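Participant: For reference, TrEMBL lists these features for the protein:
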- 63-85: transmembrane segment (TRANSMEM)
- 92-111: transmembrane segment (TRANSMEM)
- 179-199: transmembrane segment (TRANSMEM)
- 206-227: transmembrane segment (TRANSMEM)
- 239-260: transmembrane segment (TRANSMEM)
Amino acid sequence: MGQEDLMNTAEDVADQFLRVTKQYLPHLARLCLISTFLEDGIRMWFQWNEQRDYIEATWNCGYFLATCFVLLNLIGQLGGCVLILSRNFVQYACFGLFGIIALQTVAYSILWDLKFLMRNLALGGGLLLLLAESRSEGKSMFAGVPSMGESSPKQYMQLGGRVLLVLMFMTLLHFDSSFFSILQNMVGTALIILVAIGFKTKLAALTLVLWLLAINVYFNAFWTIPAYKPMHDFLKYDFFQTTSVIGGLLLVVALGPGGVSMDEKKKEW
């Protein structure tokens, strides 16, 4: 009974947090979610020559195609971020950013690196949730018009987004025998399962946000490394990718798990 009381208290705290931040949370979630695309687009500008030379040398595609690749990444990412933040053509912006993820996955050989592939898929999960949110906003324009209920595409976008988001946490599991690692793996695995199946979703997602935020600031503190060292860029990339996944989880907290979840099914019981 004590455990149930503790869970209820935690849910009350999460609900109170949502009531206080309801107006601002979706905006913060979107800003966090697009942060990695914003940072990468700006990096393409400042590292234009390095990026172009890398693509030209790796793929032997010539100066012109390598330049087109960098230009497409720069315009596609910065343009998509502007559209999402301004709430214009959000669905087109999301599809464009999906394309950028796919292009970079192939161009930078991420397809063969399981850790980076899972993180890119988690980014895709965040974009799916953004798509689901934009569908909700589109429907709200027709308030008062009879509806058949929540659309299936939106429900399955939210399900797919939740499942892909948890891949980020699979890359954070540490397989060693220390007590702290075992505890972290057990708690983390329990939370990602709850988010994936949509049970106690908002509380589990909010807990993951706090956990991931602490890990991100502690392990990816790129500002402590001099800018000329390669580790600075590596940690910076990792930091903003993780921030984007935090944004996706904040969208789960703000919007709920959607129709395909245990939380929704419980309401029918």
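Residue numbers in this text run from 1 along the chain shown.
The backbone N, Cα and C atoms fix where each Cβ goes, glycine too.
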Participant: Counting CB pairs under 8 Å, which listed stretch among 63-85, 92-111, 179-199, 239-260 touches the transmembrane segment (206-227) the most?
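Facilitator: It is 239-260 that shares the most Cβ pairs under 8 Å with the transmembrane segment (206-227).
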Participant: Take a look at 63-85, 92-111, 239-260 and tell me which one has the most Cβ pairs under 8 Å to the transmembrane segment (179-199).
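Facilitator: Of the candidates 63-85, 92-111, 239-260, 239-260 scores highest.
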Participant: State the residues, same chain only, that lie 6 or more residues beyond the ends of the transmembrane segment (63-85) and have a CB under 8 A from a CB inside it; answer 'none' if no residue qualifies.
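Facilitator: For the transmembrane segment (63-85), the sequence-distant neighbours (Cβ-Cβ under 8 Å, at least 6 residues beyond its ends) are 30-31, 33-34, 37-38, 40-42, 44-45, 48, 51-53, 55-56, 92-94, 96-97, 99-100, 103-104, 107, 130.
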